[in-house]
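A short worksheet on the structure shown next.
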Amino acid sequence: MDDKKNEDVEMRNFNGRSSPSQRDPFISKPGAAKRGGSSFDLSNVTNSPGISILAYCLASISMTVTNKYCVSGSNWNLNFFYLAIQSVVCIIAIIICKQAGLITNLAPFDTKKAKTWFPISLLLVGMIYTSTKALQFLSVPVYTIFKNLTIIVIAYGEVLWFGGSVTPSALFSFGLMVLSSVVAAWADIQHALYGGGATQTKEAADALSTLNAGYAWMGMNVFCTAAYVLSMRKVIKKMNFKDWDTMFYNNLLTIPVLFVCSFVFENWSSENLTKNFPLETRNNLILGMIYSGLATIFISYCSAWCIRVTSSTTYSMVGALNKLPIAVSGLVFFAAPVTFGSVSAIFIGFVSGIVYAWAKVRQNQSKGSVLPTTQPVMSASSQSNRDAAKA
């Protein structure tokens, strides 16, 4: 998911906090490994910034590639079922890790918290479903580029509801994100219409129809993702969730919703199941579905690991830089069209991610260096929320 959809997966699993108390029970602390007489010291690996960054990048790329592989079959139409299997595998993995003592800060299931969190889970279903549909119709590079538009919607949502602000450098990065999306769409449409050197044909019309469906799903995903992130931010402060609690409730509460949606809206006839799971690729597809569930754990682990041994600043820059290999993976593994337009769009999107990460770093540094002697400017709705909280 996802991102994949790796961005979707991170938002699905983690609440964005990175306090050591929430990460350390799962990731070894520096010096925690035993220093015996053996030549190999595990702490050299667990405390290596380079290895943690590489692991995070590989986990993100593998998640995106796996999701694209699973949903890109010519007859695939069981997206709800696929996402349900992901959540089931993730929950099983969390329970096993807890029983093995790898996760020690997962609180027992609370029915009251589940009821409060359930609306957020419904928004999550909308986010991950539209994400897989967009990935099904669009190439990985185009999907990755358009995913940046979510950042813009979330940023202005924070301005409206949480009193956030948009700096000039962030605004410049938003312009680059929009430009990269326009260039990517133009390159995609040009390749669909004239990629074979011919003029408009039935095949070109079908390809254009597929792209239009992908853009429609991508647009819905942008707003579903923003709604999920902003709503989660508003509710999570009341829940006192730790990172693994967020992952557990998100995946557990979506399981019944996804299965019900699958049984109601998807075709479960034997003929359709055979089309979705053809004999020649059935085993690989099942393995991919299982791995995609485990990959949500891997990405969450690698995210916390990367933040622990580097810094949140480095992690944000790695996330921006990671856009490039994810987009390139689509060119390598799925034969996405390599044209001047597509390469230019990838490059512009890559630069926009770096500029945005740099803008956020500067904004955070300026906040930390200025004493809060005045009341910050905020929107009316944000002020009313703050006044209500004080009441």
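Glycine residues also receive a Cβ, built from the backbone N, Cα and C atoms like all the rest.
Cross-referencing N148, N272 with Swiss-Prot, the residue annotated as N-linked glycosylation site turns out to be N272. Under the topological domain names given by Swiss-Prot, P168 lies on the same membrane side as K238. Per Swiss-Prot, the residue annotated N-linked glycosylation site among N44, N267 is N267. Summarised as a single figure, the pLDDT of the topological domain 'Cytoplasmic' (360-391) averages 52. Each residue in the topological domain 'Lumenal' (66-75) gets a DSSP state, and the totals come to 6 helix, 0 strand, 4 coil. Remote same-chain partners of the topological domain 'Lumenal' (267-284), defined as residues 6 or more beyond its termini with a Cβ less than 8 Å from a stretch Cβ, comprise 73, 75-78. Ranked by number of Cβ pairs under 8 Å to the transmembrane segment (142-164), the listed stretches 76-96, 210-230, 285-305, 314-336, 340-359 are led by 210-230. Residue counts for the topological domain 'Cytoplasmic' (231-245) by DSSP state, with H, G and I taken as helix and E and B as strand, are 12 helix, 0 strand, 3 coil. By the Cβ criterion (distance under 8 Å, sequence gap of 6 or more), the transmembrane segment (116-138) is counted as touching the transmembrane segment (246-266), at least 3 such pairs being found. Contact check: the transmembrane segment (314-336) against the transmembrane segment (76-96) gives fewer than three Cβ pairs closer than 8 Å, residues 6 or more apart, which falls short of the contact criterion.
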